[in-house]
């Protein structure tokens, strides 16, 4: 499904929350949406690696990296694995790397910036917890939609207006 966030905002103004405009689109898929799966981690992408190995059909991984601009929480290998396992997209409140390869990957990816340094893998982080960034709270099981216009969150699945 191709999502257009302005159209969703117009059709469901009482349902959506708009994330502050701080993210850039890096993925090969410009528009994406799905059920939220959250990870909260700081400069450690161990849980990201675990989750992209799982079936992600209809889901978007929302990674609260604390806004760190010192390490990349996603690179080409994990992005390609996520695409292979059916993830709709990944939103990273932090950095990613290998952006040229990720731009060719059939996956939606939005992040704050790119950074060439990988993270440590110490197994530290929390899965499926409520996270807040960009003025919006992301709850597992709710829905997120993203495109070149921005990122929105809804408590229920939204259909594109006909």
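Cβ atoms here come from the backbone N, Cα and C positions, even for glycine.
Annotated substrate binding site per Swiss-Prot: 75, 76, 77, 78, 97, in sequence order, evidence recorded as similarity to another entry. Long-range C-beta contacts of residue 77 (substrate binding site), restricted to its own chain and to partners at least six residues apart, with a cutoff below 8 Å, comprise 98.
Around the Cβ of residue 98 (divalent metal cation binding site), 20 further Cβ atoms fall within 10 Å across all displayed protein chains. Taken from Swiss-Prot, the feature divalent metal cation binding site applies to 98.
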Request  = In three-state terms from DSSP, label residue 98 (divalent metal cation binding site) for me.
outcome  = coil
Task = Inside 10 Å of the Cβ of residue 97 (substrate binding site), count up the other Cβ atoms and send me the figure.
result = 23
Query = Just going by other Cβ atoms within 10 Å, which of the binding-site residues 76, 78 has the emptiest spot?
reply = 76
